[in-house]
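Participant: Please see the structure below; I have some questions.
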Amino acid sequence: MGVVEFLVSASGCGVAYAALSGQPLVIIGPTGLTLAFTSALYGFCARASIPFLPTYAWVGIWTAAILAFLALINASDLIKYCTRFTDEVFNSLIACNFVFEASRSLAGGFSTAGADKTRPFFSLALALGTFALGRTLSGLRSGKYLRKRVRTLLADFGPCLAIFVMSALASVVPAIRHSGLETLDIPAKMTLAGGRGWLVPLAGLPLSIKVGAVLPAILLTMLFFLDQNISVRCTNAPAHKLKKGPGYHLDLLVLSVCTLATSLLGLPWMCAATVQSLNHVRALATTEVVGGVPAAAAADDAALATTASPDKGAAAAPAEPTPERTQITSVVESRVTGFAIHVLIGASLFFLPLLRRIPLAVICGLFLFLGRNMMTGNQFLQRIKLLFLDPELAPASSPIRQVAPKEVHGFTALQLVCLAALWALKINPKTSLFFPSVIASLLAIRSLLARRLFSERALSVLDGELV
């Protein structure tokens, strides 16, 4: 499977999802965990000397059937057991995967470059430049310079502008252009990888493999079910103030149809993408800046804190002004934008010669940007810093000031163990096919284990409503 297959699949599935789904604000596309599962399946087929594409197709067919069955029995109701505990660990895994894949690609350039490190250093510079420019442009949304409309426009198209600017820089600067940087491996015209046809031959496999494909299909269904519903749940978060109700079961049914189509055509599987979906919501949102406490009020809070803690005296942490933050007031809920986005993705097939000129290092920078963006607002990752912070100096809004430190650190440690277990399974080629089963076990860990280890007060603060 090459870039052409990804573009065709992303465009076709995205258009269908935007037109038919219950929550069209969700963006469907290739996700890192789905690609990891596909790579694991390919490795298994290679070791077992089994044809990959027919096996891939049968796994997808079984997965589509199971997803359709789950949609018909309203299985998405189980998402009510999915709390912030699961969301944070799952999103942390995606963020770590983005950063790891980008870092591994950049580091690999240094290990294979020999004595001359010019090319890997240029790659590193382009990746960091793409990351920094994307972060800077995206941060303009809450900035104070330029007009609001200009800031919003630059923030919405920040990643695209970063890719364009850094790719143009690589083409214009002679030293970079002649350094032999690796670019995207894209054919000059729209042809499938290996010159194969559009339909996958399904009849060539033994019956045992066709039936046995249901086993990896169950694992893939776990991954799709959680990835899809968690992404939709994050999109439907109360903080987004959406007016239209959710449609979890319809979304899952549409995903089933897309999975069936991509499997029969040998195209990459698509699923709801959390980062792109949240960026889509923010791009359609009207926001306002809230927070901040007048100096007099802050002084009164500080005096109150000191009075309430006479034994600590001056050691008590002073009350801090509430930091300013951007809050969504409304969102334009439309199918048009999602539809248009994926039509434009399909239109990029007519510009394959231009896409071939994008350095791979720039894509690594985009991965770093996506990974860092997923870390923003993840309270689990923020709580890791509390392990090294003096509780007396923590801000008043910190969970460590509301719950006993041992419970905060214990809850964070439990999430770290879950994340480490997921990562260990995913990174090992022999076990990477089974990591979706551990993702599914997060629900059981939260429901059974966490409830016994932590008080209701701690769970309400550390694992409350997703905002």
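The chain as shown is numbered from 1 upward.
Placed from the backbone N, Cα and C atoms, the Cβ positions cover glycine too.
Where the annotation comes from TrEMBL, it is an automatic prediction and has not been curated.
As the structure is a computational prediction, the values presented were derived from the model and not from experiment.
Per TrEMBL, the feature domain 'Bicarbonate transporter-like transmembrane' maps to 1-108, 119-287, 324-465. Annotated transmembrane segment per TrEMBL: 25-44, 56-75, 121-140, 152-176, 207-226, 247-270, 339-370, in sequence order.
Tell me about the setting of these features in this model.
Facilitator: DSSP places the residues of the domain 'Bicarbonate transporter-like transmembrane' (324-465) in helix, strand and coil in these numbers: 104 helix, 8 strand, 30 coil.
Counting only same-chain residues 6+ beyond the ends of the transmembrane segment (25-44), those with a CB under 8 A from a CB of the stretch are 6, 9-10, 13-14, 17, 50, 52, 55-56, 59, 93-94, 97-98, 101, 216, 219-220, 223-224, 227, 231-232, 235, 242, 251, 255, 258, 268-273, 276-277, 279-281, 284, 331, 333, 338, 341, 426, 429, 432-433, 435-436.
Sequence-distant neighbours of the transmembrane segment (56-75) (same chain, 6+ residues past either end, Cβ-Cβ under 8 Å): 38, 41-42, 45, 200, 202, 205, 209-210, 213-214, 216-218, 220-221, 224-225, 249-250, 252-253, 255-257, 259-260, 262-264, 266, 269.
With a threshold of 8 Å between CB atoms, the same-chain residues lying at least 6 positions outside the transmembrane segment (121-140) that come near it are 102, 106, 109, 146, 151, 154-155, 157-159, 161-163, 165-166, 169-170, 175-176, 179, 181-182, 359-362, 364-366, 368-369, 372-373.
Residues 122, 126, 129-131, 133-141, 146, 283, 357-359, 361-363, 365-366, 369 of the same chain sit 6 or more residues outside the transmembrane segment (152-176) yet have a Cβ under 8 Å from a Cβ within it.
Here the transmembrane segment (207-226) has long-range neighbours at 33-34, 37, 41, 44, 50, 55, 58-63, 66-67, 70, 75-76, 82, 86, 90, 252, 255, 259, 269, 271, 433-434, 436-437, 439-440, meaning same-chain residues at least 6 beyond its ends whose C-beta is under 8 angstroms from one of its own.
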Participant: Could you pull out which residues elsewhere in the chain have a CB under 8 Å from any CB of the transmembrane segment (339-370), counting only those six or more residues past its ends?
Facilitator: 3-4, 7-8, 10-15, 17-19, 24, 27, 95, 98-99, 101-103, 105-106, 122-124, 126-131, 134-135, 138, 159, 162-163, 166-167, 170-171, 181-184, 186-190, 275, 280
Participant: DSSP on the domain 'Bicarbonate transporter-like transmembrane' (1-108): how many residues come out helix, how many strand, how many coil?
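Facilitator: Once the DSSP states are binned, the domain 'Bicarbonate transporter-like transmembrane' (1-108) shows 88 helix, 2 strand, 18 coil.
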